[in-house]
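Colleague: One structure is given below, represented as structure tokens, and several questions about it will come after.
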Amino acid sequence: MLIRHIMVYVLSKGLPGILNFVAIVIFTRLLSTADYGEYAIALASIGFLNSILFQWIRLGVLRFFPQHNKTEKSKHTFLSTVKFLFLTISVVVLVIGLPVVNFNSQFNDFQIFGTLCIVLLITQSFFQFNLEIVRSELSPILYGLFSLSKALFSLVIGIFLIELGYGPISLIIGLIVGMLIPIIYSWFTTWKDTNILEYDKAIIKILLKYGLPLTVTLSMGMVLNSSDRLLIGWMLGSEEAGSYSVSYDLIQQSLILIMMIINLAAYPLAVKSLENGSVKQAQKQIMENTGILLLASIPATAGIIMLTPNITELMLGSEFRDVANAIIPLISIAVLLQGLKSYHFDLSFQLGEKTNLQMIPVLIAAIINLIFNLLLIPRIGILGAVYSTLISYIFAIVASFIIGNKVFKLKFPLKDFLKIILSTFIMLLPLSLLNNWTGLTALFMQVLSGVLTYLLSIYLFDVLSVRKVVSSKLNKLSDLK
């Protein structure tokens with residue numbers, strides 16, 4: 001069942017993820033490090049503002065829309081209330097934001113860029129509301145189409161405008177247009193009959209009570225994930241921010257995507273077990289989920305580290321490669337820790353229904369990240385941000401484990417973990433022999449040799465009882481014959 005669930009999410013999340021990965025490959029060849037840095041700093045700023053201003057509503061939609069979707073009247077009132085809140089905050093953002101970015105008529109480029117960033121903030125927020133509604137209505141196809149539209153049109157329009165000479169503004173406009181298409185569709189379907197004058201104060205109170213505490217967690221999470229880009233831009237300049245951001249984005253669009261797809265498919269199975277009243281079954285399911293998470297993410301991380309020179313040669317523009325070669329190995333480890341924290345250790349708070357405690361590890365990690373960034377970036381540059389991120393995620397995992405273990409005890413597949421580590425080391429043997437090869441054909445051969453060696457190793461060590469699974473599949477095939 002778990003493998004089947006994973007394949008569904010590979011289509012809905014994987015295709016947009018691949019397009020986002022392709023976008024990095026193309027944009028680093030069309031933009032300078034400074035241009036990409038301006039774009040990265042803008043996105044980090046927008047993400048932080050979004051987490052404070054709008055994310056509490058999105059979380060409320062995800063949590064409470066299903067129970068209001070049972071009758072048309074209840075659904076209408078709920079959506080009208082959400083629409084009222086969104087438009088109210090959007091008007092406040094426009095009233096405050098537009099004068100700020102247009103304070104001096106001499107900065108025309110800044111005015112245009114700043115205004116577009118405000119539009120992107122509002123557009124992105126409403127797009128995310130619609131994604132959560134579609135997700136709550138159990139419409140994976142529509143969810144996938146929305147995500148695919150955003151990724152595809154952002155890429156195509158971004159390339160077109162860059163070729164016309166619009167620089168980093170091109171990517172902002174591409175994102176806006178990419179999200180507007182699903183928004184227009186939703187406006188004439190989901191939101192067509194809603195009326196902001198029919199909002200419900202009781203629903204607003206519920207959304208505030210539920211969402212605002214989580215906003216602290218989200219905003220601290222944004223500090224943890226994005227403050228390094230802002231601080232690099234402030235201390236070292238947009239060129240350095242661009243070099244750092246591309247390397248981080250490249251790994252996140254590959255490694256985190258793999259882990260997120262597994263979690264999206266696996267987590268509901270654990271929740272279902274818990275709802276059926278079986279804590280032990282939920283713990284067993286989480287252990288199985290974590291095993292598959294480790295099975296995919298650890299060799300992927302090791303492979304990226306080993307093949308970094310060839311990956312950067314093929315995937316990134318020449319301006320970005322030197323910095324990427326220096327920092328991608330450490331970033332890969334940091335992103336692996338980020339994924340393990342989010343998709344294993346943090347599940348204690350969600351399954352134990354103590355999400356308010358989840359802010360403690362994030363707060364600790366965010367403070368540590370800020371302190372180390374301020375200390376290390378002026379001394380050792382971009383590497384300081386990488387070390388800060390790595391250290392902060394180590395602290396975050398330790399804190400999540402200590403606190404989360406008291407909320408809902410998770411079982412860790414230690415035996416299979418050790419087998420996966422051993423299999424990964426064996427996988428690296430052929431890769432080390434092919435490490436000096438370069439080019440697309442070389443990368444294909446490197447990946448193929450690594451995958452085949454790894455699959456053979458996990459079969460020999462019987463990781464996650466893989467022999468039983470293979471034997472069962474072969475028996476089914478023989479029965480069909």
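Start at 1 and count along the chain as shown; that gives each residue its number.
Even glycines carry a Cβ here, placed using N, Cα and C.
No curator has checked TrEMBL annotations; they are predicted automatically.
Feature annotation from TrEMBL assigns transmembrane segment to 7-27, 39-57, 78-98, 141-162, 168-190, 202-224, 250-271, 292-311, 323-340, 360-380, 386-405, 443-464 (among others).
Can you tell me where each of these features sits in the structure?
Modeller: Same-chain residues lying 6+ beyond the ends of the transmembrane segment (39-57) with a Cβ under 8 Å from its Cβ atoms: 31, 82, 85-86, 89, 93, 113, 117, 120-121, 124-125, 128-129, 168, 171-172, 207-208, 210-212, 214-215, 218-219, 221-223, 225-227, 229-230, 233, 238, 241-242, 244-246, 249.
Beyond its flanks by at least six residues, the transmembrane segment (78-98) meets 53-54, 57, 60-61, 64-65, 68-69, 114-115, 118, 121-122, 125-126, 129, 190-191, 194-200, 203-204, 207 of its own chain at Cβ-Cβ distances under 8 Å.
Proximity of distant same-chain residues to the transmembrane segment (141-162), defined by a Cβ-Cβ separation under 8 Å and at least 6 residues beyond the stretch ends, is recorded for 11-13, 15-17, 19-20, 22-23, 26-27, 30-31, 127, 130-131, 134-135, 169-171, 173-175, 177-179, 181-182.
Non-local neighbours of the transmembrane segment (292-311) in the same chain are 2, 6, 250-251, 254-255, 258-259, 262-263, 266, 324-325, 328-329, 332-333, 335-336, 339-340, 343-344, 413, 416-417, 420-421, 423-424, 427-428, 431-432, 435, 437-439, 442-443, 446-447, 450, 454, 458, 463-464; each lies 6+ residues outside the stretch with a CB under 8 Å from one of its CB atoms.
Listed as Cβ neighbours of the transmembrane segment (323-340) (distance under 8 Å, sequence separation of 6 or more from its ends, same chain) are residues 225, 240, 243-244, 246-248, 250-252, 255-256, 259-260, 293, 297-298, 301, 304-305, 308-309, 311-312, 316, 382-383, 386-387, 389-390, 393-394, 396-397.
Listed by sequence, the residues of this chain that lie at least six past the ends of the transmembrane segment (386-405) yet keep a Cβ under 8 A from its Cβ atoms are 224, 228, 244, 327, 330-331, 333-334, 337-338, 340-341, 345-349, 352, 357-358, 360-362, 364-366, 368-369, 372-373, 376-377, 380.
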